[in-house]
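A.B. asks: Submitted below is the structure of interest, expressed as structure tokens.
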Amino acid sequence: MDTTLSATGAEGQPLLCNGAASGASSGVGGTSGLHHSWPDHHASCAGCDEYRNRRDKNGDLLACDTVISIGAAASPVERGGEPRLLQEKWKTLVAFTFLSANLILNLTCLAYVHERIPDRAKFPPLPDVFFDLFPPLDWALDVSESIIIFCIWSTLGLLLIHRYRWIVLQRVFFIMGLLYFMRSITMFVTQVPVASTTYYCSPKANSTNPLLIMKRVAQLLSGFGLSINGQHTFCGDYIYSGHTVILTLAYLVVREYSPQRCKYLHLVYLVLSAVGILMVLLSRGHYTVDVVIGYYVTSRVFWIYHTLANNMSLKVASQNNYLSRSWWFPLFSYFEKNVGGVVPRQYEWPLPWPRRWLPRTRIS
């Protein structure tokens with residue numbers, strides 16, 4: 001095999017010592033053939049002489065040799081310089097089913113705890129530093145939920161034009177399912193007095209029969225769990241804040257999967273999330289502790305998930321991998337089994353029309 005040596009002469013010009021460059025076919029046969037194939041005008045080159053002597057002496061490859069691997073198989077993780085990212089649509093459907101089940105569980109817990117909240121006539125709102133500093137604004141809840149609706153649809157639009165949309169949607173659905181499941185637990189185990197003195201709560205039925213609970217869940221689902229639609233008239237869903245979960249997650253998703261150079265886009269979503277959370281507090285839709293816990297849980301689950309997903313060594317449970325001790329790690333392993341690296345920030349039109357007339361756009 002031809003071997004190329006790059007050296008630098010006294011005039012700073014590169015000297016290429018290549019047997020094939022001389023046109024002699026004998027340079028392919030072995031070490032001696034390579035020795036006789038040097039061009040005459042390089043015969044006195046000190047660097048080339050040293051190279052020939054050292055090669056003839058031990059036959060080893062030097063640091064300046066160019067090693068060409070022929071027929072080497074690509075890594076199962078990387079192929080063509082990009083990670084192997086297998087998009088499994090049915091896993092995205094499983095993740096969406098997981099989200100839907102936990103959303104229904106969350107609404108079921110709300111329909112149940114509505115019967116357990118303390119009587120507003122006997123138990124005033126709990127002391128809260130934010131409530132002491134700022135007066136209540138009833139209309140602020142509509143502003144917050146309008147921001148939530150915008151963030152949900154715009155973030156969904158961003159994910160749909162992502163090149164690896166099925167992987168990203170799968171992750172978002174699964175993380176949201178985890179957050180709703182944990183919120184169902186905290187909501188069910190502890191009930192606190194209603195934070196607002198003006199928010200309308202439906203009268204208690206003093207009954208928790210399954211048919212009544214199902215009717216309440218259907219009513220909540222018809223309004224997508226938002227008060228702005230007039231269907232959320234049940235109280236008790238405080239710890240922790242679902243509004244904060246959605247607003248925080250929307251910002252984190254946009255920050256993670258949009259182009260890095262879109263600094264202003266990231267800033268817009270950061271401001272929207274902050275304003276939405278502020279409006280929730282001003283409307284007395286949640287206590288401050290609900291917001292703090294909601295932000296903490298959402299950000300930690302998101303960051304832990306993506307730390308595991310972006311590091312292949314952490315995808316394997318081991319004694320020293322403490323992140324793998326999370327109770328949801330087996331589910332994580334199921335969804336991320338065939339995702340071989342960091343998902344790049346690349347985009348393409350998701351529909352067959354008019355994609356055939358548009359060049360594929362990839363932005364990293």
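Note: Cβ is positioned from N, Cα and C throughout, glycine not excepted.
In case it helps, TrEMBL gives these features for our protein:
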DOMAIN    235-307  domain 'Sphingomyelin synthase-like'
TRANSMEM  93-113  transmembrane segment
TRANSMEM  139-161  transmembrane segment
TRANSMEM  173-194  transmembrane segment
TRANSMEM  238-254  transmembrane segment
TRANSMEM  266-287  transmembrane segment
TRANSMEM  293-309  transmembrane segment
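What does the local environment look like for each feature on the list?
C.D. replies: DSSP labels the residues of the domain 'Sphingomyelin synthase-like' (235-307) in these numbers: 56 helix, 0 strand, 17 coil.
Sequence-distant contacts of the transmembrane segment (238-254), counting only residues of its own chain at least 6 positions beyond either end whose CB sits under 8 Å from a CB of the stretch, comprise 106, 144-145, 147-148, 151-152, 155, 158-159, 168, 172, 175-176, 179-180, 183, 186-187, 190-192, 195, 225, 265-266, 269-270, 272-273, 276-277, 280, 285-287, 289-291, 293-295, 297-299, 302.
Within its own chain, the transmembrane segment (266-287) is flanked in space by residues 125-126, 128, 130-131, 134, 136-141, 143-144, 147-148, 150-151, 192, 195-199, 227, 238, 241, 243-244, 247-248, 250-251, 254-255, 258, 294-295, which lie at least six positions past its ends and keep a Cβ under 8 Å from the stretch.
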A.B. asks: At a C-beta cut-off of under 8 Å, are there same-chain residues at least 6 beyond the transmembrane segment (93-113) that contact it? List them, or none.
C.D. replies: 169-171, 173-174, 176-178, 180-181, 183-184, 187-188, 191, 208, 212-213, 216-217, 220-221, 225, 234, 236-237, 242, 331, 335
